[in-house]
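Pulled from TrEMBL, these are the features on record:
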- 31-40: compositional bias 'Low complexity' (COMPBIAS)
- 69-108: domain 'COI1 F-box' (DOMAIN)
- 128-174: domain 'Transport inhibitor response 1' (DOMAIN)
- 1-40: region 'Disordered' (REGION)
Amino acid sequence: MTQDRSEMSEDDDDKQSPPLDLRSAAIAEPSSSSSSSSVVVVVDSTPNKSRNCISSSSSGSLTSQPFPDHVLENVLENVLQFLDSRCDRNAASLVCKSWWRVEASTRSEVFIGNCYALSPARLTQRFKRVSSFVLKGKPRFADFNLMPPDWGANFAPWVSTMAKAYPWLEKVDLKRMFVTDDDLALLADSFPGFKELILVCCEGFGTSGIAIVANKCRKLKVLDLIESEVTDDEVDWISCFPEDVTCLESLAFDCVEAPINFKALEGLVARSPFLKKLRLNRFVSLVELHRLLLGAPQLTSLGTGSFSHDEEPQSEQEPDYAAAFSACKSVVCLSGFRELMPEYLPAIYPVCANLTSLNFSYANISPDMFKPIIQNCHKLQVFWALDSICDEGLQAVAETCKELRELRIFPFDPREDSEGPVSEVGLQAISEGCRKLESILYFCQRMTNAAVIAMSENCPELTVFRLCIMGRHRPDHVTGKPMDEGFGAIVKNCKKLTRLAVSGLLTDQAFRYMGEYGKLVRTLSVAFAGDSDMALRHVLEGCPRLQKLEIRDSPFGDAALRSGMHRYYNMRFVWMSACSLSRGCCKDIASAMPNLVVEVIGSDDDDENRDYVETLYMYRSLDGPRKDAPKFVAIL
């Protein structure tokens, strides 16, 4: 199982502020003196009407005088530039046609949560001034090898279209997209002012493509390669950056499984005075890290690389690693620790007191090694780790980290039959000690309702709760009862909950709780749960904000799928694999909902006449079915 540890919170769009009631908003320009008149622009509550009212403070009279559309739109342009939230801008675009036009002409940042929800041509036709572009491809279950290779999500049509429409583009942020070296070359050639490239969980490209970006994007500030599969083309891409002072502020290449030219990297860091974030891959040794730290005391975010010494020491005297860390007084985010040698961990003690984020998700670290570190991290707000820290380590976190907002515990051994070292004991300790917690991802082998209920009562600010009990259909290991009451307490007591992942032995009762209390839930992930179709019906009928529904290995069939037909146009996607769906039902839904793309995913040798559906992926689209579907994808 492939786990996305760098961006598993993935859907930051879930955290957007709620839309404003723009139809009744009033924008006033204050008068410069008491005798001058003030101009107030009022938007009528009726969507297709706009009025401009001029009031005179000296006469007290009120007259109404229509202004030409272009005058109103000029005023709107000056107002909408202050709207940053995507939700607010979306709401503004729905007020009337005039607002729709102005919002489109002033939007510089575009987020597309599904690359097949619309065509690149539609994007460029509507939005003319885009400088920042965020695009997501494959659904999240692709991270767990539940989607065949070569499914799609190609970046090529997007970059070729934007190259013509947005020559001023500065930022591209992609997630789970297939990106080729040719795509990166076109990007580097087409956007002379390009500044930020972020590739998360992407594939298809190699160090050759990265070298082109480094060489041609002379204003590059951010190059972040996060959990992506990067082919080693044996190209010295680090040496391709400009030889003079660079604009680099962030460089992350911890996922690149290839040796790098350290001398070139050392020179690059020295030529980058604005560099704040540096995340190294496992081919950078602790000795080399020491040299980098001495030349970059301004770093605020550091990924350490291997955190082990060279196989052949260059000198008999060991460098003073603690002194190098001590010199980096601005470091607040610390990660890396690949190929960890525990005896070197004390070197990070000098920076622990200032840390707000600590990531040990690649470090097989024992409680005894971990506790002396965490006991100094009083400011910590984000903490990721392997379950090797055990319940004992989580108890130490609870005692020290009173400001903790996000916790993620990953399995060192992801097998279902393994003996997990964390349990309800660690979860209960966290709930009692870290009461400001807002987000948790917790992999374990055993859990109790009592511990989950305690978390719902002690941490009411939770917006994300993902509990992954790795064994299938596992009940409360103390009482033997289903985990219904625990998850029911989460949706009932955590009023701000927007994302929920459930597992363990769950009956339809748990889903009834979700439908009754989960009114803000936007993302729901279900694995090996439920008794009947009624479970899914509770959710689809009771969760009005639901946007993303992910289900695997659950007994939901045609009746359950049909129960949500009133909802699917308002959802981003539905994913169901290894359930009990028939091709006939999927065809019926596709026929009844023409703006919904219904994909049945199988394998190349699947019988088209087989009625059983292995994987269903449904999503809304403004431009109909995609044209690049492989043979194993049938679009109904």
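Start at 1 and count along the chain as shown; that gives each residue its number.
Glycine too: its Cβ is placed from the backbone N, Cα and C atoms.
For the domain 'COI1 F-box' (69-108), DSSP puts the residue distribution at 30 helix, 0 strand, 10 coil.
Confidence across the domain 'COI1 F-box' (69-108), taken as the mean pLDDT and rounded to a whole number, stands at 83.
Break the domain 'Transport inhibitor response 1' (128-174) down by DSSP state and the numbers are 15 helix, 10 strand, 22 coil.
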